[in-house]
Amino acid sequence: MTAEETKAAESGAQSAPLRLEGVDISPKQDEGVLKVIKREGTGTETPMIGDRVFVHYTGWLLDGTKFDSSLDRKDRFSFDLGKGEVIKAWDIAVATMKVGEVCHITCKPEYAYGLAGSPPKIPPNATLVFEVELFEFKGEDLTEEEDGGIIRRIRTRGEGYAKPNEGALVEVALEGYFKDQVFDRRELRFEVGEGESMDLPCGLEKAIQRMEKGEHSIVYLKPRYAFGSAGKEKFQIPPNAELKYEIHLKSFEKAKESWEMSSEEKLEQSTIVKERGTVYFKEGKYKQAVLQYKKIVSWLEYESSFSDEDAEKAQALRLASHLNLAMCHLKLQAFSAAIENCNKALELDSNNEKGLFRRGEAHLAVNDFDLARADFQKVLQLYPSNKAAKAQLVVCQQRIRKQLEKEKKLYANMFERLAEEETKAKATVAAGDQPADAEMRDEPKNDVAGGQPQVEAEA
């Protein structure tokens, strides 16, 4: 009998009426949730709001009737703490537990299933008793890929449901830690999306966008979402360092969403944002520049209420944004994105010099030499004085020639091997080394002077 089977058998042994006992841990101190520790846990940490917790439990009515047990199913139960996924008593009690702890929780109806109960096993207005064992807990993964790169643990819940969006003006207090040593302690006011200019890692901004006003959280960042392979000399952070931040979102003002803006506002803001993106580009902050240019595209791409004059301005801004995005992606070696933005630019202006040239550069970078050559040739056809295109076309021709020579050599070696194998096979046959069941027939004689059959000589 396994340990869990033994525990399951013991958990079903309750039959006598249960007593109300324990320490009152309800927020209102109304004896709605009573807790008795049956076995102490280890360490000092307890789960925080939003943590994923893993438990075993057994539940009884006050008369001793067991109504549910994860032990019977031999499957640990998990839920996100403080998110309302379980009864109130559980969110309250499990938040006080340590790993390895076993406790009994007595829950009054208002902290359990209330007047309705949970038919057919739990009657209306029922007081319940649970035995709960906590096995582990872990923070909330905020990454889209769920790769564990940004983990949040909420110390203090915020208010309301609103969260900062891209471009929101936020006010925060933060502390950054590397190996338990504080390297950054500041109070800041900035726009979401411009954190890099404030020496903040991208992962922290992503976490801020998931926070509520007044929330105080701990954020753990893997290198990819921190300062990456470059590190941060200003803070003496080495390459590929994992970081921890404690952050308090004091307040924020959401930026207007695209649908909330008039066409005039979109045009005005696009001009401002374009200048900001140019500043970031000149400073070598290409990721920040990308965010700015993407805003322009999102505001203007599907806007159809411009006057004729404003429509021309909007198209010029869109064209410039796609060209600048292509340049940023080339710098970031994101060549597919560069090609995509060049294509968008060329949809707006099919003979655009920069669009053709930058697409050629991106094709060249991914060894699509024929496509690159076609782009550079078109640039020279339209703009014969473009010296950079002439130089890149020469590079293309050299790469294509080198590739052809490599392929020629590869195929030559292949045919040479095949010829050698064929010669060996014929030599074997000539020596009489044939299968016993080989059909015997007259073969045409080779000319001694020629040394090889006519067919092979032609080959």
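Yeah, the Cβs are placed from backbone N, Cα and C, and that goes for glycine too.
As stated in Swiss-Prot, the feature region 'Disordered' covers range 1-22 out of the listed 1-22, 155-176, 177-198. Outside the repeat 'TPR 2' (319-352), and at least 6 residues removed from its termini, the chain residues within Cβ reach (under 8 Å) are 270, 274, 277-278, 281, 286-287, 289-290, 293-294, 296-297, 300, 358-359, 361-363, 365-366, 382. For the pair Lys282 (N6-acetyllysine) and Tyr220 (phosphotyrosine), the C-alpha distance works out to 31 angstrom. Same-chain residues lying 6+ beyond the ends of the repeat 'TPR 1' (270-303) with a Cβ under 8 Å from its Cβ atoms: 166-167, 193-194, 196-197, 202, 258, 261, 263, 314, 317-318, 320-322, 324-325, 327-329, 331-332. Residues within less than 8 Å, Cβ to Cβ, of Tyr220 (phosphotyrosine) and separated from it by at least 6 positions along the same chain comprise Gly139, Ile150, Ile151, Arg152, Arg153, Glu242, Leu243, Lys244. Following the DSSP three-state reduction, the secondary structure of Lys282 (N6-acetyllysine) is helix.
Take the CB of Lys282 (N6-acetyllysine) and look out to 10 A: across all protein chains shown you find 9 other CB atoms.
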